[in-house]
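Report on one structure; see the data block that follows.
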Amino acid sequence: MEKWSLMTITVLLALTVRWAVSLGSYSGAGKPPMYGDYEAQRHWQEITYNLPIRQWYFNTSDNDLLYWGLDYPPLTAYHSFVCAYIAKLINPDWVALHTSRGYESQPHKLFMRTTVFVADLLVYIPAVILYCFSLKETSAKKKVSSALCILLYPGLILIDHGHFQYNSVSLGLALWAVLCLSHDWDLLGSVAFCLALNYKQMELYHSLPFFCYLLGKCFKKGLKGKGLVLLAKLAGTVLVSFAACWLPFGTDVEQIMQVLRRLFPIDRGLFEDKVANIWCSLSVLIKIKNVISPRTQLKLSFAVTFLSLLPACIKLTVQPSLRGLKFALVSCALSFFLFSFQVHEKSILLVSVPVCLIINEIPFMATWFLLVSTFSLLPLLLKDELLLPYAVTTPAFLAVCLASFSILEKTSAEDLQLKAFSLSLKGYVSWFKSFPRIVRSLFLLSLALMGVLSVLSAAAAPPQRLPDLFPLAVAVVSCLHFLLFLVYFNVVILWDSKNRGQKKIS
Amino acid sequence: HCLLVMLTSTSQWLGIARSPGIMHADFEVHRNWLAITHNLPLSQWYFEATSEWTLDYPPFFAWFEYVLSHIAKYFDPQMLVVENLNYTSRATVFFQRFSVIFTDTLFIYAVHECCRCINGKRAAKDILEKPTFILAVLLLWNFGLLIVDHIHFQYNGFLFGLMLLSVARLCQKRYLEGALLFAVLLHFKHIYVYVAPAYGIYLLRSYCFTANNADGSLKWRSFSFLHVTLLGLIVCLVSALSLGPFLVLGQLPQVISRLFPFKRGLCHAYWAPNFWALYNAMDKALTILGLKCNFLDGTKIPKASMTGGLVQEFQHTVLPSVTPLATLICTFIAILPSVFCLWFKPQGPRGFLQCLVLCALSSFMFGWHVHEKAILLAILPLSLLSIQRAKDAGIYLILATTGHFSLFPLLFTTPELPIKILLMLLFTVYSFSSLKSLFRREKLLLNWLETIYLIQLVPLEIFCEIIFPLTSWKQQFPFVPLLLTSVYCALGITYAWLKLYVSVLTERVPVRQKAE
């Protein structure tokens, strides 16, 4: 069958799944007084439509920052403004100042879901399709299956169309950036990434790899001639994009400082809720929050984060390659997720989307990671009553990946890109003979563990003394998996040999 | 094949993911039947009338609901109280939807069996191009079935599973099993009596007369009394099991009146796209024309709206009114040629399938109070034929697309709009591209007229769903979108029916019988 009809079917399937999940519950449904992210987005539409720009980020009588104050950069605010404009045309009650707090109704839910759907359709999905079509040295069928797997990734669908957020916009823009860089359109790529950054500040997790890659490219071109020109052009592009986004705020330093303060709430603690990162997991053993002061916590987390991502970034600057960029995106974002400050469990999506990009190179590990990342979102999904969509989409995703890539057969050292690494460990050659089987059994074990924990979290009641047992168990298990993945990805990056031209590249 | 199972399970579970959605009337119907069969003794089943949704399926289905109700009580006992009209709860919804998904496993098995016995064209290397794969997807992901079963809520998957399984058994020459399955099916849902003639004639011709002459005509001497007795025994046994208790209780007339409610009107509230829809439309058009030209007296015309409410009796104004007997006669005349064809020119299972589809379609065209869901009775068996010959594939595309489009009014709420459009597009794109690639060496499947007709469905849909509700006509003529959809689809379905008939009647029988 032709490529285009297959791709159309894939997209239609993806859209159907998204809309089906939309019919379910959303974050904070029917839970006054604070509700959830859905109400936050609605509130931002109310704020941006009714108040002048200068008041958006400030605590005024009209704008109570404690009730879902705006804490994303300006592009989110502009997007909310556009949505509010359309909302006003349909039903002004939805965005009336003050009186529309906690507004919930079927038509309104339909409207909000449609905004997410449209944003996804316009930004994220085209990026994925074009990316898959531009994959080199893969058959048409493989391209379509990659697209199918990426588009069916449950985590993004459940968070965006279930819990209710607009991650697909920022992630889509980052994807466009990678796409542009893969065609050597550096300036366009930088613009796309700046837009992504100005949509959600969490994209900073991805900023270092982009920076190192472009810097490395400039170095390669020679710092005296073309490299310097490129560097200047890139710097200029970045500045111009930022200026364009922040234009309405003018040169008022106070405004900009307030926005920054809202974007980076340093006075909050090291972590909130149960999130699958190191600090939360360590707190099971030692109560870090009580041991170290907040300032030291900040410094410690920054130090560990940067230490863990340094090797990959240095390698990328020295040897800029697209493959290196993609892997570096994964490992940097994962380092940030594991060790950084005030991380939300939803930030795992920032790691998952780059992993989706390499799904056709290491299908087995990518599928495994994506399953774990979806699993780590389980406590959040349970809170939002999204258990059913989770229970449906995750096995479906596994089934699709199994069918498209026959991942269980691709567990050898070569398939996992560990050939070079294993060659360096000449002493352990005998251990590597049964490597595929060990890996496969580990995978099945991990799946079983995740399945059991999912069922327990959903069905069983936790013991009285440990009310947070299940969320914590999910977080710790996910964290352990993520640590192993971090090691794995770093190994792959660092042992990536220069002469890949002879071997098969994807 | 495990791939296929995975595919279907995803589709089934997608259905469950949609389940927090919207309630439809059929949901309450089945809840009521669960309650009735659980609480009341057998003698009351067909007399119970607390709810407007009385039991109008044959006894086997009632027993099926009875079995289900015993499992239901573990989910939510409240749903089994007869007085709890329109009762819904999370557990109820979950249980009902899950029961549909669970019973669909029979459908999956039946599709598997069908794929095994249907030999498509040359085997392709790519699994996506294998005829069996295409057939499996066309059946398992059939848009109509998905919509009707999982969203609108019915148990058709499992019933069609029975039918497809009986077809598969007949194709595999396991005649007795096929007959048994069909008899059982009849007592589950009597709508399948539409295709009973095909079964009867085929079994008579190919099973009771065990051999043919050299030129393919009937060898009267080869009549086998044994086979006839066996068949008769099966049918009687099954009927006895099902209707026996009611016969003993003397309730047979009541059961029959419930099963065949002729008091309902010629057409459902939304006209099924059959011949009578065109007839009604013609009547209305002539009425308007007559009024304008003053041939008719405006005061004498009843104001009955044909699309209001559940069921309506109405009289035609210009053309003669239609009685149930008339529809029966029309249906009988319509199926006669195909039955004769099956008798005189038997071509084995393929001929049987053709006759089956034609019987189903003809009954759809001329039946009394036909529901638009009945089009699935024709579409699903036609899928089996579509992967074998290009001509059938073309007819299938027309029939499936218009038939599915005519199911759109079943889902009328706004949240369901994207779902039905996306699923319809999914199925249509897939069926077109897969059948086109399967028959790419032959000429085009559809000619330009047919293509234009199908493309016109898009503007029609846009008009009905988007433009019309925003105009002022919505209050005055609320039935216009339904009327347009119904009439337009009726044209397509009639065309497909005629084309199929022509192709069956003009088919030249090969001198040597080929085993198909």
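Placed from the backbone N, Cα and C atoms, the Cβ positions cover glycine too.
Here is what TrEMBL records for this protein:
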SIGNAL    A:1-22  signal peptide
TRANSMEM  A:110-132  transmembrane segment
TRANSMEM  A:144-161  transmembrane segment
TRANSMEM  A:173-197  transmembrane segment
TRANSMEM  A:227-249  transmembrane segment
TRANSMEM  A:324-341  transmembrane segment
TRANSMEM  A:348-375  transmembrane segment
TRANSMEM  A:387-408  transmembrane segment
TRANSMEM  A:442-460  transmembrane segment
TRANSMEM  A:472-495  transmembrane segment
May I ask you to check whether the transmembrane segment (A:173-197) and the transmembrane segment (A:110-132) make contact, with contact taken as at least three Cβ pairs under 8 Å and only pairs 6 or more apart in sequence counted?
yes
With Cβ distances under 8 Å as the criterion, find the stretch in A:110-132, A:324-341, A:387-408, A:442-460, A:472-495 that has the most pairs with the transmembrane segment (A:144-161).
A:387-408
Residue numbers, six or more beyond the limits of the transmembrane segment (A:472-495), whose CB comes under 8 Å of its CB atoms:
274-278, 280-281, 284, 308, 311-312, 315-316, 324, 327-328, 330-331, 334-335, 337-338, 362, 365, 369, 372-373, 375-376, 378-379, 416-418, 420-421, 424, 446, 449-450, 453, 457, 466
Sequence-remote contacts (6 or more beyond its ends) of the transmembrane segment (A:387-408), Cβ cut-off under 8 Å?
17, 20-21, 24, 142, 145-146, 148-149, 152-154, 157-158, 162, 359-360, 363-364, 367, 370-371, 374-375, 377-378, 381, 440, 443, 447, 454, 458
Tertiary contacts of the transmembrane segment (A:227-249) (same chain, 6+ residues out, Cβ under 8 Å):
53-54, 73-75, 186-187, 190-191, 194-195, 198, 214-215, 217-221, 255-256, 259
